[in-house]
Amino acid sequence: MMNCAMPPGVCSTGTACDDILADTHDADGRMTLFQSLDDRRPLTGRLALGVEYDGSAYCGWQRLKHAASVQAALETALSRVASQPVRVHASGRTDSGVHATRQIVHFDVPAPRSQKAWVFGANANLPRDVAVRWVREVPDDFHARFKALARRYRYVLLNQPSRPVLERANVTWCRDPLDALAMHRAAQVLVGEHDFSSFRAAGCQSKTPWRHLHFIEVHRHGPLVVVDVQGNAFLHHMIRNIVGALVTVGRGERGDDYLAELMALKDRTLADVTAPACGLHFVDSRYDDRWGLPHEPLGPNLLAFLGEWSGERPLPDCPMVEFRRGTPARGCRR
């Protein structure tokens, strides 16, 4: 049996671990695998956090009175570290069952603690499906929501005849063959500023249906079909409703002009089923570089390790829920 134990402070290469941990960015400023966390200097003022979570067990990001939320879990953990109440503000509010690999959060420090204390302390008090990835000091006028320039999501479809087991919580399963190229072509009509009334939930509270999509791409990587979309903001269920329509195109039931037809109708009741929440991942919020937030490989994590680390085209994560004709399978939070 291999003995994995190494002397304290020495890694398997024989190099001091502190030297490796200190090298946290490559030549292009991207974060590398290991980070060093300062445990000496107390952080004060306003802090930004990078937060990752599996949304399966939560009503969504936003705190609700009688339901478990990611916001409540994070605020409880940070309050324990600070020994005082902490309230956080996020870059975006994810729905029930939606995951995040890079949710940006800010809060004002009620008590000085080191970088290591905030990260390790919060994670020690968080449930296993939520984690703080990093913490940074930011100027007092930084705001996670209002200073965000764009938000990016990836929707992951597992397209194979057999249902997944190990990955069932983080992908949507579609047993019917999908034409990813046709889906990509159909989606391009959505790029730009449009009225997305046909793709907003009936209960959407936004004052306007107009949104600006910067790009939307659909790629296949083996059994995975990934819808990658970035915009200034999104309506309630907007991405999941778009994916529902794209799956109809991918199955060959409608042509490349289908989404253009739906958008022109401006009527949600005439569009397709809403795709399940479990395939959706909030992967990035973009900010001006002046705020000094770290650049990270985009998630889900398997995508990062297969493609983003090397600078290649991202290869998607393989997270279940069958996308049946007409209605999503039971068992996935909507």
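Just so you know, glycine gets a Cβ as well, placed from its N, Cα and C.
Note that TrEMBL annotation is computational and uncurated.
As given in TrEMBL:
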- 52-146: domain 'Pseudouridine synthase I TruA alpha/beta' (DOMAIN)
- ASP95: active site, nucleophile (ACT_SITE)
- TYR153: substrate binding site (BINDING)
- 186-288: domain 'Pseudouridine synthase I TruA alpha/beta' (DOMAIN)
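With a cut-off of 8 Å between CB atoms and residues at least 6 apart in sequence, the same chain places ASP228, VAL229, GLN230, PHE234, ILE239, LEU280, HIS281, PHE282, VAL283 near TYR153 (substrate binding site), listed in sequence order.
Summarised by DSSP class, the composition of the domain 'Pseudouridine synthase I TruA alpha/beta' (186-288) is 35 helix, 31 strand, 37 coil.
Around the Cβ of the residue listed as 'active site, nucleophile', 21 further Cβ atoms fall within 10 Å across all displayed protein chains.
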